[in-house]
Amino acid sequence: MSSNSFGKLFTVTTFGESHGPAIGCVIDGCPPGLALDAAEFGHDLQRRATGKSRHTSARREADEVEILSGVYEGLTTGTPIALLIRNTDQRSKDYANIGQQFRPGHADYSYWHKYGIRDPRGGGRSSARETTMRVAAGVVAKKWLAERFGVTVRGYLSQLGDITPAGFDWSAVEDNPFFWPHAAQVPELEAYMDALRKSGDSVGARVDVVADNVPPGWGEPIYGKLDGELAAALMSINAVKGVEIGDGFASAAQKGTEHRDLLTPQGFASNHAGGILGGISTGQPVVASMVLKPTSSLRLPGPSLDTAGNVVEVVTTGRHDPCVGIRATPIAEAMVAMVLMDQALRHRAQCGDVGTITPRIPGQIDG
């Protein structure tokens, strides 16, 4: 069956194409009584939006949310919440020359062989434009998690090309267009991206997400493990080619004495596992990372094929991001938040009455 829906109890279905008249989503399973106003979507949507700096696509969309259902007098009613955003800055003529050509590194070839038809305008359904509605749904999940459990979900760009942060400060993340945690490096990133854009090439990136105050117990072994669903959610984002939970692939070089997260009455001594053991949250910060490939939308010509199998030279015109990772932080946050809300509701449904005599310990030792 088609896979345009996400989640089990907190379910999100997105629809629409990059250059269609609108994009939207239907959120089902949100508990009633959550205060919700259209203006609340603006902050995260603008964090994801294009046209905010010279380092992202020049496409400018207002991204104003219309709430069509599921909210009455400012409160969710428990019925499906339908959200709509109208596309206003499509430039489909930029894609006129590639309607019968396959852009290397894009979903053109695979979509063509699956469906026998594709919408070439801006990538159609495979465009990152679709993630706008994930961010919108993530606003709902973030708010519910914060109000119900005090959970916060925050992300940052942890690598741009071969550049990594020289320091870390959460307060710096929202003060630059890269979501970078070390303010002193922003000029270096600006210069790097200016040179990259001038060359016509692109580059990959890495985004880290941290969810604080997640209670222990969320996750459904065996096939609904929290880390498994986080990995699937992050892998569903455009251009993502790798996901880590906690130390991830670095665990291969670690000894057990290093990787194990010791428990003490004062708290966990470390968090190499990323706050998840056995597929269940431990009460530590949940830490997930994703790596995004360099975009294949390049001004540099490259050989390819057309739908008839003829050799062609493809040059991608239009407005594109030289690094899709720059705008990916709010998307990753949204996916993590939606997984956590879905798992919270599922935990409440099955194990809401479960209690233990074991005291909860802090997620980490203070100091």
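A Cβ is built for glycine as well, from the same backbone N, Cα and C atoms used for every other residue.
Because the structure is a prediction, the values reported are computed rather than measured.
The NADP(+) binding site feature in Swiss-Prot is assigned to ARG48, ARG54; the stated evidence is sequence analysis. The FMN binding site annotation in Swiss-Prot covers ARG125, SER126, SER127, ASN238, ALA239, GLY278, LYS293, PRO294, THR295, SER296, SER297, ARG319 and rests on sequence analysis.
Projection of Swiss-Prot feature records onto the structure.
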| residue | record | Cβ neighbours (10 Å) |
| --- | --- | --- |
| ARG48 | NADP(+) binding site | 23 |
| ARG54 | NADP(+) binding site | 12 |
| ARG125 | FMN binding site | 19 |
| SER127 | FMN binding site | 20 |
| ALA239 | FMN binding site | 20 |
| LYS293 | FMN binding site | 17 |
| THR295 | FMN binding site | 23 |
| SER297 | FMN binding site | 20 |
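Note: the Cα of SER127 (FMN binding site) and the Cα of ARG48 (NADP(+) binding site) are spaced 14 Å from each other. In this structure, the C-alpha atom of THR295 (FMN binding site) lies 16 angstrom from that of ARG54 (NADP(+) binding site). Note on proximity: among ARG125, LYS293, SER297, the binding-site residues of the record, the Cα nearest ARG54 (NADP(+) binding site) is that of SER297. When the Cα atoms are compared, ALA239 (FMN binding site) and ARG48 (NADP(+) binding site) turn out to be 15 Å apart.
Between the CA atoms of ARG125 (FMN binding site) and ARG48 (NADP(+) binding site) there is a gap of 18 Å. If you take the Cα of SER297 (FMN binding site) and the Cα of ARG48 (NADP(+) binding site), they are about 19 angstrom apart, rounded to a whole number.
Under the three-state DSSP scheme, SER127 (FMN binding site) falls in the coil class.
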